[in-house]
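As given in Swiss-Prot:
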{"type": "BINDING", "residues": "Lys12, Leu13, Ser14, Gly15, Gly55, Arg59, Asn163, Tyr169, Asp172", "note": "ATP binding site"}
{"type": "REGION", "residues": "20-25", "note": "region 'Involved in allosteric activation by GTP'"}
{"type": "BINDING", "residues": "Gly54, Asp74, Thr135, Gly136, Asn137, Pro138, Tyr139, Met140, Thr141, Thr142", "note": "UMP binding site"}
Amino acid sequence: MAEIKYKRILLKLSGEAFKGATGYGIDIPTVRNIAQEIKHICLMGVEVAIVVGGGNIWRGATAAKEGIDRVSADYAGMLATIINAITLQDALEREGIVTRTQSALSVQQVAEPYIRRRAVRHLEKGRVVIFAGGTGNPYMTTDTAAALRAIEIEASVLLMAKNKVDGVYTADPQKHPEATLFQHLTYMEAINKRLQVMDATALSLCLDNKLPIIVFDLQSSESLVSAISGQPIGTLISSES
């Protein structure tokens with residue numbers, strides 16, 4: 001069994017991770033596969049917290065461009081993340097992994113309110129904690145929510161799971177086949193090069209709190225195990241040059 005380098009992690013799952021090959025919405029077999037990957041590292045003793053996006057159902061920024069009030073559009077996006085969180089929680093519990101969903105919005109029928117100390121206690125007891133509802137504030141992305149929650153729970157690393165992209169490239173590898181993969185970037189390099197790893201607010205939070213980020217392809221075999229073991233995978237973003 002691989003040795004664990006990161007004992008407590010924050011895994012950021014984009015909404016795109018839930019849609020599989022369907023192109024929209026939630027693909028249940030895909031969610032089950034994600035749950036099985038998470039189960040694997042839980043059984044290794046890793047404390048796992050997750051932030052989910054909602055772009056497979058709703059994109060607030062896109063809706064705002066179509067004329068919908070930005071604040072309303074962003075709140076709709078937060079609700080989309082709750083749908084994804086509930087689905088993932090069910091998949092994890094079917095795998096025998098005790099899971100709690102905490103929401104930044106008040107939806108007490110389906111999720112606990114976000115309380116930092118309670119979240120940490122869940123993690124210490126070996127439960128997976130899914131954070132839904134973003135930060136609870138409009139104009140804030142789920143990437144920012146991931147950075148914020150990771151810092152609050154004192155995670156060792158922020159794992160940014162991507163679909164079909166195995167790290168950060170000099171350009172979009174799907175549009176530019178000649179693009180090359182960065183194995184390591186400093187926070188400032190990621191910000192200054194505008195590589196769209198995550199939004200500037202999220203990157204700045206990681207920079208200020210020296211939270212390392214690993215960008216990797218979730219669909220790659222045992223990629224989560226490699227990431228938590230400190231094996232070379234994807235792109236590492238940290239303060240070290």
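The backbone N, Cα and C atoms fix where each Cβ goes, and this holds for glycine too.
A map of Swiss-Prot features onto the structure.
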| residue | record | Cβ within 10 Å |
| --- | --- | --- |
| Lys12 | ATP binding site | 27 |
| Ser14 | ATP binding site | 22 |
| Gly54 | UMP binding site | 25 |
| Gly55 | ATP binding site | 20 |
| Thr135 | UMP binding site | 21 |
| Asn137 | UMP binding site | 14 |
| Tyr139 | UMP binding site | 13 |
| Thr141 | UMP binding site | 19 |
| Asn163 | ATP binding site | 15 |
| Asp172 | ATP binding site | 10 |
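Among the binding-site residues listed (Gly54, Asn137, Thr141), Gly54 has its Cα nearest to the Cα of Ser14 (ATP binding site). Across all of the region 'Involved in allosteric activation by GTP' (20-25), the predicted model scores a mean pLDDT of 83. Long-range Cβ contacts of the region 'Involved in allosteric activation by GTP' (20-25) within its own chain (Cβ-Cβ under 8 Å, at least 6 residues beyond either end) map to 56-57. Recorded residues Asp172 (ATP binding site) and Thr141 (UMP binding site) have their alpha carbons 21 Å apart, per Cα-Cα distance. Nearest Cα neighbour of Asn163 (ATP binding site) among the listed binding-site residues (Gly54, Thr135, Tyr139, Thr141): Gly54. Nearest Cα neighbour of Gly55 (ATP binding site) among the listed binding-site residues (Thr135, Asn137, Tyr139, Thr141): Thr141. Distance from the CA of Lys12 (ATP binding site) to the CA of Thr141 (UMP binding site) is 12 Å. With respect to their backbone Cα atoms, Gly54 (UMP binding site) and Lys12 (ATP binding site) stand 12 Å from each other. Residue counts of the region 'Involved in allosteric activation by GTP' (20-25) by helix, strand and coil are 0 helix, 0 strand, 6 coil (DSSP-based). If you take the Cα of Asn137 (UMP binding site) and the Cα of Lys12 (ATP binding site), they are about 18 angstrom apart, rounded to a whole number.
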